[in-house]
Structures are given as structure tokens and as C-alpha cells.
Amino acid sequence: MKKLLTTALLALCTLSLLAQDKFDLKRLDPMPYAYDALEPHIDAQTMEIHYSRHHRGYFNNLQKALEAMPDAPQDATALFARISTLPAALRNNAGGHYNHTLFWSVMAPKAGGAPQGALADQITAAFGSFDQFKEQFKQAALTRFGSGWAWLCVAKDGSLFITSTANQDNPLMDVADKQGTPILGLDVWEHAYYLKYQNQRGSYIDAFWHVINWPEVTARWQATIK
């Protein structure tokens, strides 16, 4: 019981911090749930390697890059706004740290389903229906050649759009084809799914719908449109 309460409190704290956009380039938050918490949809070994090696690697390399360039913006928003003028080490590792921090937060155990309330209405207005949104998001993730991410974002005018980015880029960066604030992201690098799904990226995308933390996505959307 105590362990369950501790896990719940940790998840709520992480949710609160991220929903208020308090992402810190110099802080690596702990995983908000156990590595096996998303089974059977995403396996524990993948989650452990993904967080402890890949994400931590981006974070550690980002700290080195920031130390090497002390005049670089220390705030993620400012950094991403001029990322095209900065060294690749900052672009790749700041993107990797931000993207993965968001990724962990928009998943949760015993989650999935569909969004509710105003966000559900906005998704229907933007894409025709929730099922059509899922299909368009899946296509963005499937057709991203090589490594990258698929995103649901809020544009400056408050509208929702789907996009994808290469490598560790994201829609906050000034290099993005379409800029906006991501509220949902899916990692389609092979390290995110290959141990369980091999080359079946589509099956991995289908599994993702079972673990989406829609309350967190909704909180991010609400914070963006205020």
C-alpha cells in the first residue's frame, strides 16, 4: 500500500511540474512509473534501456554542451527559438532531453482510451473524429523516414495540428517545418520499440494508444491555450 501511494504521489508531482511547463535543461526527472508499468504494450527492458541509457545519455551530453558554451540560452524555450544558430551538440541533446521528458509524461499505466471534454471537442473539430485523428497521427509516425518523432501540437492561433520531426528535433525549434507547442509526442527511433516489435513500427504505434496519459495531454493543452 505504501509503495502504491509513493508511486501515485510521484506521478502526480511529475504531472504537475510538466503541465506547468517547468522543464529544466539541467534537471533529469526520475521515471514517473516502474519500467514494467506499461507492460504488455511497452516492455520493461526497452523502457529501462530507453531511460537509463538513451535519455540519460542525452542529458549528460547536454550538460557538457552547455558547459562548453556558457553564453547559450539556459532556458529551453529561448534555446529552441535560436537552435539553428547553435552547435549540433546543443540541438541534438537538448532536443533529446526535452522530447523524452515529455514522452514519459504523456504515458501512464492503465491509461489509454480517449480524451474527454474540451480537448476531445477540439480534436474532432481539427481532424473530423478521434478515429481520424488516430489514423492521421499514425501516418505521421509511420512515414517519418528513419529516426524521429510524431507530434500533436498547438499552433500560435490555438488550433491543433499533427507533424513529425527528424532525429531529436521538435516543433518548438526554429528549424521545424511547422512550429507549435507539442502536447503529445511519440518516439519512433528504433530503440523505442525494436526489442519487442522489431521492424513492425505500426504495431508499436497501435500499442501506444493503450498507454497515453490523456489527463496529462489535456493539462498541457490547457496550459498552452491560456
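Yeah, the Cβs are placed from backbone N, Cα and C, and that goes for glycine too.
Per TrEMBL, signal peptide is recorded for 1-19. If you look up TrEMBL, you'll see 28-108 marked as domain 'Manganese/iron superoxide dismutase N-terminal'. The feature Mn(2+) binding site is assigned by TrEMBL to His50, His100, Asp187, His191. Annotated domain 'Manganese/iron superoxide dismutase C-terminal' per TrEMBL: 115-220, in sequence order.
Structure coloured by features recorded in TrEMBL.
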residue : record              : Cβ neighbours (10 Å)
His50   : Mn(2+) binding site : 23
His100  : Mn(2+) binding site : 23
Asp187  : Mn(2+) binding site : 24
His191  : Mn(2+) binding site : 13
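Within 8 Å of the Cβ centroid of the Mn(2+) site, not counting the listed residues His50, His100, Asp187, His191, the chain contributes Tyr51, His54, His55, Phe103, Trp189, Ala192.
Following the DSSP three-state reduction, the secondary structure of His50 (Mn(2+) binding site) is helix. DSSP assigns Asp187 (Mn(2+) binding site) to a strand. Secondary structure at His100 (Mn(2+) binding site), taken from DSSP and collapsed to helix, strand or coil, is helix.
With helix defined as DSSP H, G or I and strand as E or B, the domain 'Manganese/iron superoxide dismutase C-terminal' (115-220) counts 46 helix, 22 strand, 38 coil. The helix, strand and coil residue counts that DSSP assigns across the domain 'Manganese/iron superoxide dismutase N-terminal' (28-108) are 52 helix, 1 strand, 28 coil.
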